[in-house]
Amino acid sequence: MAAHQEKKLAEERKHRNMQNDTKASQGQWGRAWEVDWFSLASILFLLMFAPLIVYYFIMSCDQYQCSLTDPLLDLLTGNKHLSDIWNRTPALTYRAAGIYSLWVTFQVLLYVSIPDFCHKFLPGYVGGVQEGAVTPAGIVNKYEINGLQAWIITHVLWFANASCFHFFSPTIIFDNWIPLLWCANILGYAVSTFAMVKGYFFPTNAKDCKFTGNFFYDYMMGIEFNPRIGKWFDFKLFFNGRPGIVAWTLINLSFAAKQQELYGEVTNSMILVNVLQGIYVLDFFWNEAWYLKTIDICHDHFGWYLGWGDCVWLPYLYTLQGLYLVYHPVHLSTAHAVGVLMLGLLGYSIFRMTNHQKDLFRRTNGNCRIWGKKPEYIECSYVSVDGTKYYSKLMTSGFWGWARHFNYTGDLMGSLSYCLACGFGHILPYFYIIYMTILLTHRCIRDEHRCCSKYGKDWERYTAAVPYRLLPGIF
C-alpha cells in the first residue's frame, strides 16, 4: 500500500513538473515575435540560396563526377555558361511526377489509415496513440505513432518487388533522381505556402499562431505551431518523419543497386553507408514517441524551414555519401572499414545512451541510478510568464556531466563515420559533417540562450559544474 502511494505521488510530481516547464517555456522558446536585421538577412539568404545549393550538389555529381570546383572553374574561365549547365540538366518528366505522387500518397495512407500494430508485439516499443507536449496555448495534441510500421511495410514491399514481382527496377530512384528533385521542390513550396495561408485564414488553433508582420520571416519560420487537417494529419510529424526519412534508406538501397548494375558489385563502403544510416533511421522510428518531446515538435512552428527542408534538403543532401559512391566506388581496406564501423556504432551508442539517461532522469524526477549510482544534479528555480515560481533539476552526472550536449557529440561521431566511408578523394561527401556541426552547434547556442533566460544565476551554477558544450576539455 505504501509503495503504491509513493508511486502515485511520484507520478503526480512528474506531471506537475512537465506542466511547470511548459508554462515557463511559453514566453522563452519557439520562433520570434519580432525580426531583427540579422535574422531577416539570414532568412533571405536561405530562401534564395538553399535551393541553389541542393541543385549545385546534385548537378555536380550528374555532370562533373561530384567535383564541386569544376563547375565554378568552367563558368569563371568561360568554358561554359549557366545556360549550358542548365540545358544538360534533366527536366521534370511525367514518369517522375507519377512516381513521386504515388510515393507521397502511399505514405499519407500509411500515416492516417493504418493504426499502429507494432507496439502490440514488439517489447519496449512505444507506438499507437501518444500525447505530445503542451503547446503555448495549453493544447495537448494526440498523435498516431506508426512510423516504424510505415517503414517496415514500405521496405517489405520494396524487397518483395526486387526479388519476386519486378514491377520496377531497384535503381528507379537513382535513374530519376534529378526529375524527382523538381517534384520534391514543388511539394516543398506547395506545402509551405499552404501552411502560411492556413495560418492566416483557417488555423487549427489561432492561439498557437505567431505573426511578426514580416512576410519572409513568417513564410520561412512558420505561423502555426501545429497545423493539422482533420484529427490525425499533423503537418509537422508527417513531414519530419515521412516521406523523407522513410525514403532515406530506400534511396541508399537504390544507389547500392545502381552500383551493382554499373560495376557488378556493391562495395564495402556502400554497405557501410547503408548499414550505419539504416541504424540511424530505425532508431528515429523506434523512438518516434520520444521525438514528440524534441525541439522540432515542441518549439518550432511549421513553415518553409520544415516543409521545404524535409521534402528537399533532407532526402537530397543527407544521402550524398551513397550518391557519391555510385560515381566513385570506394573499396576500403579492412582496417579502414572496421574503423568506420566502430566509429559509427560508438557514436550511435553514445547518442542513444545519453538521451536515455536524460529521459530516465526526467521520468523518475532524479530517483534512478546513472552508471550505478544516484545521479547528481543542481536544483534550479525559475519564474513563469504568470509570475509563479517553480523548481527544476539539471543533471550533472553520467554523460551529462561530461558535456551539456553530449548527445550531439555522439550524433556528430556517427555523421563523421558516414563521410569517412567514402574515402578522401572529394570534399562533397563531407558536406554532411560540416552541415551537422553547424546545425548542432547552433542548436546548442539556441538552447542555452533559452536556459540562461529561464534559470538566470542557477544556469551559471550549472555551466560552472558542466563547463563544456560538446567536447570535454575543448568546447
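Using N, Cα and C of the backbone, Cβ positions are placed for all residues, glycine too.
Heads up, TrEMBL stuff is auto-annotated, nobody curated it.
Pulled from TrEMBL, these are the features on record:
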type	residues	note
COMPBIAS	1-14	compositional bias 'Basic and acidic residues'
REGION	1-23	region 'Disordered'
TRANSMEM	37-58	transmembrane segment
TRANSMEM	92-114	transmembrane segment
TRANSMEM	148-168	transmembrane segment
TRANSMEM	180-201	transmembrane segment
TRANSMEM	302-320	transmembrane segment
TRANSMEM	332-351	transmembrane segment
TRANSMEM	415-440	transmembrane segment
Segment proximity, the transmembrane segment (302-320) to the transmembrane segment (332-351), 3 or more C-beta pairs under 8 Å:
no
Which residues of the same chain, at least 6 past either end of the transmembrane segment (180-201), have a Cβ under 8 Å from a Cβ in it?
51, 54-55, 58, 91-92, 96-97, 99-101, 104, 173, 209, 218-219, 222-224, 227, 235, 239, 302-304, 307-312, 315-316
Residues sitting near the transmembrane segment (37-58): Cβ under 8 Å, six or more positions beyond its termini, same chain?
68, 71, 177-178, 181, 185, 214, 216-217, 219-221, 304-305, 308, 312-313, 316-317, 320, 323, 428, 431
